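Visitor: Could you have a look at this structure, given as structure tokens, before my questions?
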Amino acid sequence: MPIDPVALTADLVRCPSVTPEEGGALDLIERILSGAGFDCTRVDRNGVPNLFARWGRKGANRTFGFNGHTDVVPVGDAAAWTRDPFGGEIADGWLWGRGATDMKSGVAAFVAAAVDFVQETPPDGAVVLTITGDEEGDSTDGTVALLDWMAAEGEAMSVCLVGEPTCPERLGEMMKIGRRGSMTAFFTARGVQGHSAYPHRAKNPVAALARLIDRLSSHDLDYGTEHFDASTLAVTTFDTGNPATNVIPALCRATVNIRFNDAHSGASLTRWLEEEAARVAADTGVEIALSAKISGESFLTPPGELSELVARAVEAETGLRPEPSTSGGTSDARFVRAHCPVVEFGLVGKTMHQVDERVEVAQIEPLKAIYLRILKDYFA
């Protein structure tokens, strides 16, 4: 009997799986997949829940993979929600709740498609699902743990589809063939405290750091590349912790976040930031220290067989040819890309992480149909 992806989405939304809690979501998926003949393994690391499921022979020449997550961000002020954030309520043509868009509907649609596919037309190959409970958190023990376990166990995917919401306005208009890299730079400026009436007796870390931030934010990192928009740098914090208006503080901190294309690497940008900080430090006499956190490098799955497979299926079901894009934030595709070619396609993501997150019910069944067509065409 075919699985209803709308009902499954609602059931998953009712699982309060705020990172790092599993909330019953992976248990539910495991029961469904096990009942359909998938070999399921829980790959939990450091208390983080993950699920690996495979239908078909281990080591098959053609193995289609799916990656997704069931963890969700916190609801915030629950009183601000129109409906219960974990109610999975369907009203006015929408399915409401935390994770409805990001990305329990995508997971439900692929689970439903995969079960229908292997039961109706068993493929000559394997279908693998890697579902994590650590995408919205630190992402260190989720998809990374699954891929580590797969490598150790001799499990593999030939290609992978990530079911993140990718469409800005209409189902079918966009897929992701890559992502920008992301890094955060933490600056600490240390000067000499003093009276604001005698600035010559102090070394002002606020002025020095402001100069550095101005240099960074006014610099064009690049003007875009063939498949990527221009890299961006955003100032996200600037703090002194100084309540006194007549005191030049001894310490000032600032943070910038850079989303970068394939013209750069995390290492090359770190070197640039260090050089800029050293210039300002030399000019002002203020010590400026940098600590950089690189969340992921940019990557691209060049347009080809996988992206064309996805595009054809999307166009057949929606009438829209999806634009291949690298825009937006990071996703777990940044980890999968080292394992196999990866493309992302999912629903419209306008309300993800918002109060009253919801997904249009009319999109969920077509998404299942797209995923089912992708599977059929891949193994044809």
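Cβ atoms are placed via backbone N, Cα and C, with glycine included.
These figures come from a predicted structure and were not determined experimentally.
Pasting the relevant annotations from Swiss-Prot:
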ACT_SITE  Asp71  active site
ACT_SITE  Glu135  active site, proton acceptor
BINDING   His69, Asp102, Glu164  Zn(2+) 1 binding site
BINDING   Asp102, Glu136, His353  Zn(2+) 2 binding site
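I'd like to know what surrounds each of these features in this structure.
Guide: Within the same chain, residues at least 6 positions away in sequence whose Cβ sits under 8 Å from that of Asp71 (active site) are Ser17, Val18, Thr19, Pro20, Glu21, Ala25, Thr132, Gly133, Asp134, Glu135, Glu136, Gly137, Gly142.
For the recorded site, Glu135 (active site, proton acceptor), the DSSP three-state label reads coil. Around the Cβ of Glu135 (active site, proton acceptor), 26 further Cβ atoms fall within 10 Å across all displayed protein chains.
Counting every protein chain shown, 32 other Cβ atoms lie within 10 Å of the Cβ of His69 (Zn(2+) 1 binding site).
The 10 Å shell around the Cβ of Glu136 (Zn(2+) 2 binding site) contains 22 further Cβ atoms across the protein chains shown.
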Visitor: Which of the three DSSP-derived classes (helix, strand, coil) applies to Asp102 (Zn(2+) 1 binding site)?
Guide: helix
Visitor: Distance between His353 (Zn(2+) 2 binding site) and Glu164 (Zn(2+) 1 binding site) at the Cα atoms, whole Å?
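Guide: One finds 13 Å between the Cα atoms of these residues.
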Visitor: Apart from His69, Asp102, Glu164, which residues in this chain have a Cβ no more than 8 Å from the mean position of the Cβ atoms of those residues at the Zn(2+) 1 site?
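Guide: Filtered neighbour residues, in order: Gly68, Met103, Gly106, Glu135, Glu136, Gly163, Pro165, Ser331, Gly346, Met352.
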Visitor: Please work out the number of neighbouring Cβ atoms within 10 Å of the Cβ of Asp102 (Zn(2+) 1 binding site), leaving out its own Cβ.
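Guide: For Asp102 (Zn(2+) 1 binding site), the count of other Cβ atoms within 10 Å is 25.
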Visitor: Does Glu164 (Zn(2+) 1 binding site) have same-chain partners at least 6 apart in sequence with Cβ under 8 Å from its own Cβ, and which are they?
Guide: Gly68, Asp102, Met103, Gly106, Lys176, Ser331, Ala333, Glu344, Gly346, Gly349
Visitor: Residues other than Asp102, Glu136, His353 within 8 Å, Cβ to Cβ centroid, of the Zn(2+) 2 site?
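Guide: Once Asp102, Glu136, His353 are set aside, the remaining close residues are Val72, Val73, Gly99, Met103, Met352.
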Visitor: With H, G and I counted as helix, E and B as strand and the rest as coil, say where DSSP puts Glu164 (Zn(2+) 1 binding site).
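Guide: Going by the DSSP assignment, Glu164 (Zn(2+) 1 binding site) belongs to neither helix nor strand, so it counts as coil.
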